[in-house]
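Single-structure report; data block below.
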Amino acid sequence: MNGLRVAAKIQPARQTIIFLHGLGDTGSGWGFLAQYLQQRDPAAFQHTNFVFPNAPELHVTANGGALMPAWFDILEWDPSFSKVDSDGFMNSLNSIEKTVKQEIDKGIKPEQIIIGGFSQGAALALATSVTLPWKIGGIVALSGFCSIPGILKQHKNGINVKTPIFHGHGDMDPVVPIGLGIKAKQFYQDSCEIQNYEFKVYKGMAHSTVPDELEDLASFIKKSLSS
């Protein structure tokens, strides 16, 4: 899986943050997160690798077949975001698992790995809480949702039920309405037995991020990697 990689400022690296972009974006679009965290708290993130993978180029059905970076095809713009390519979703999950394994093979402990994402990437990040074969340090979902609950229930392995999750969502999001974020939280808590799911609403925030959310994200990651 190609993309942007930012090596730890001080080697050897002890932690890794993997962050997955949204539809139509690339890993470089979230590369600012590495600099933000390193400047905000140099001591906490000086031994941290940052990995921003690129999604494959897909013809997105709901966008008239336009070719763009996408973790999975969206078959139709429906209010529930349920009409997606489930096989593509699972394929991307497998790719993320391989990325995690690459970090583990380099000597990073699973508990020192964070998986995060925005929008489509957040949907995948949340799904890793069900499917990953290792217990990781934490999961970050910005403007996330759940598209294939039935399939994910079949794959749940219980390994990350105690892994902390931070889900930030704007109450003015026109792309992934806040109701879908709430449904995702309910699904992962009720059907997947996730025990530590923090859902925070940001007033006035649309389908984007804001400084307050980034501050909360940074605090969550620091706490998760130091616990």
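Cβ atoms are placed via backbone N, Cα and C, with glycine included.
Annotated active site, charge relay system per Swiss-Prot: Ser119 (among others), in sequence order. Listed in sequence order, Gly22, Leu23, Leu142, Ser143, Gly144, Phe145, Val175, Val176, His207 are the same-chain residues at least 6 apart in sequence whose CB falls under 8 Å from the CB of Ser119 (active site, charge relay system).
Annotated active site, charge relay system per Swiss-Prot: Asp173 (among others), in sequence order. Taking the Cβ of Asp173 (active site, charge relay system) as reference, residues of its chain lying under 8 Å away and at least six apart in sequence are, in sequence order, Ser143, Gly181, Met205, Ala206, His207.
For His207 (active site, charge relay system), other Cβ atoms within 10 Å of its Cβ number 17. Mapped onto three states, the DSSP output places His207 (active site, charge relay system) in coil. According to Swiss-Prot, the feature active site, charge relay system maps to His207 (among others).
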Original post:
According to DSSP, does Ser119 (active site, charge relay system) fall in a helix, a strand, or coil?
Top reply: coil
